[in-house]
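K.L.:
Here it is, the structure, as structure tokens.
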């Protein structure tokens, strides 16, 4: 798609100008329509046959400026570039981890806002790449429509979340009741408005380019908004389902970098030349051990294991519950071979620790492919990083490329192997029903419990 820049007399990155159309390429042979045909042929020559170009024709994007604080530059001025980058990455990593702990302390609502902020920033970084490459074409409404579609998709997903988890609050507000009742229709109408605006913005000489960017925007929405919505869904299942997967990816990123930095010798994949087998394998074992220990520590506290619920009476999120069996210590018999080594018959573990092995394995073996995908994307558009937001790290998307893939896996894992009926969610749905519907459900449930012998039948006087 990038070869449009070099058609029809537009200067190429090297300064050359594309040759004019060859004689005889006109679409029509009628002399009366020769002028019109020449114009149509000129447009076809400029914007047709796009797949014949190679990646070398992609225009270069100007490199981002270095945003490393001056105090760090002066402190590390005597080091080689390799060690200077190591220290910058290390200091900024510790800073980000410290801020992340602060947000965790502030509660689940702040974590949701953090996820939303990261989503918006990742969307901005990806969309900006397209805008910077095509800025000379001045595409009508491109940036406006991109942000409008982001707003529409967020309205849809977060509206669904409000309907699912805040039903009792919505029940008290008449305006919200209308919005929730017709939420999907409103969302569809908003999207249709954007769709119609896109169609009206089409310009003849930019048809193909505009459809490319329309697809670019929608794929970006799929990567960012959908995945961040799944992250928040995982958070509502319990903060532990948010923290262990995310921290496992962070641990794998850090330990793979450290193993590769100090011991790396064997290249892992061409898309990312700095990645090594030593880093990949070292990161895997480190992440599994870390995830197992983190699961043990977090499983002890209700704050992390209880589902996040909204209490309308106190107008706040709460994490109070009787922990499920998943977060209660269980005794497991050891295999005969381990009994002799450990000199004990059984061990006490939280069942979640076993699940953490699956999560950590995915984070360390499959998660990095999200990073490889991002590396291929950056190579395709001749950029080093998505942005220069974080010195030594690049953009926000550079740090969260693996997290989005992990979010989808955790959501699928929970729905496939963990989640059962949610009494709190069922109760919230019951509370929004009409009184006669609630009464019918009550009678049906009472009959069912009497038949099972849980309730005694009422004696008629």
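Sequential numbering from 1, following the chain as shown.
Cβ atoms here come from the backbone N, Cα and C positions, even for glycine.
Sharing the features that TrEMBL gives for it:
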REGION    1-66  region 'Disordered'
COMPBIAS  22-56  compositional bias 'Basic and acidic residues'
TRANSMEM  86-118  transmembrane segment
TRANSMEM  139-158  transmembrane segment
TRANSMEM  178-200  transmembrane segment
TRANSMEM  212-232  transmembrane segment
TRANSMEM  238-264  transmembrane segment
TRANSMEM  276-298  transmembrane segment
TRANSMEM  352-374  transmembrane segment
K.L.:
Count the Cβ pairs between the transmembrane segment (139-158) and the transmembrane segment (212-232) that lie under 8 angstroms and are 6 or more residues apart in sequence, then report whether there are at least 3.
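P.N.:
With 3 or more qualifying Cβ pairs, these stretches touch.
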K.L.:
So which residues does the transmembrane segment (276-298) touch in its own chain, when a touch means Cβ under 8 Å and the partner is 6 or more beyond its ends?
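P.N.:
Answer is 239-240, 243-244, 247-248, 251-253, 255-261, 263-268, 304-305, 349-350, 352-353, 355-357, 359-361, 363-365, 368.
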K.L.:
Do the transmembrane segment (212-232) and the transmembrane segment (86-118) come close, with at least three CB pairs under 8 A (pairs 6 or more apart in sequence)?
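P.N.:
By the criterion, they touch.
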K.L.:
Any chance you could find the range in 86-118, 178-200, 352-374 with the most Cβ pairs under 8 Å to the transmembrane segment (238-264)?
P.N.:
352-374
